[in-house]
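Take a look at the structure set out below.
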């Protein structure tokens, strides 16, 4: 399947070259692509309209990164491989996943995102997290946590806002009980006990190199 992603003497095709650069430039892109790929892999009840929306989301995500889905499909050689049968959304997503693995993506981040995506699908939660305003809110939170190293108390307030809108990710844990295990100590945002999975997610997905978050059992 991947014979087409290298052209002329092992030089990456335009889609592969663009994707490689975009992944290096932005950690967000891997997270966004992982959500799409894992939604496809775990979406047992996906309908035709769902596949259409996944493909459109993939196109928009790549466009924001400056890449064209058509170029990546061409690099993968899917059209030559499938010919008159036609290239489905599933073919594209499976091909993209194999390409990402060839590009040596961070498997730890990818698997963490997959676990969360599956949980969201199981709880009918995924469509909510893809809402435009919530995506922006999450990106703003990433900036505050990872780049600015913002006020931990304000970050806790932001987390509450997100989780109030996404109770489906809590796995039955009450919001009040969860936040009893999230606190600030010596300027460090700490996650303990039942809040540990949330802290792990923030570190693995939002900012793996962050220094102002502490997670313990």
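Even glycines carry a Cβ here, placed using N, Cα and C.
The following features are taken from Swiss-Prot:
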{"type": "DISULFID", "residues": "18-67", "note": "disulfide bond"}
{"type": "DISULFID", "residues": "38-114", "note": "disulfide bond"}
{"type": "DISULFID", "residues": "125-168", "note": "disulfide bond"}
{"type": "DISULFID", "residues": "146-207", "note": "disulfide bond"}
- In which DSSP state, out of helix, strand and coil, do we find residue 67 (disulfide bond)? coil
- Message: Return only the integer: C-alpha distance in Å from residue 38 (disulfide bond) to residue 125 (disulfide bond).
- Response: 14
- If you measure between the CA atoms of residue 67 (disulfide bond) and residue 114 (disulfide bond) and round to the nearest Å, you get 23
- Message: What are the sequence-distant neighbours of residue 114 (disulfide bond), meaning same chain, six or more residues apart, C-beta distance under 8 angstroms?
- Response: 34, 37, 38, 41, 42
- Task: Could you check the disulfide-bonded residues 38, 168 and say which one's CB has the most other CB atoms within 10 Å?
- Result: 38
- Note on the structure: Other C-beta atoms within 10 angstroms of the C-beta of residue 67 (disulfide bond) total 23
- Item | Rounded Cα separation (Å) that holds between residue 18 (disulfide bond) and residue 168 (disulfide bond) | 35
- Using DSSP reduced to three states, classify residue 38 (disulfide bond) as helix, strand or coil. helix
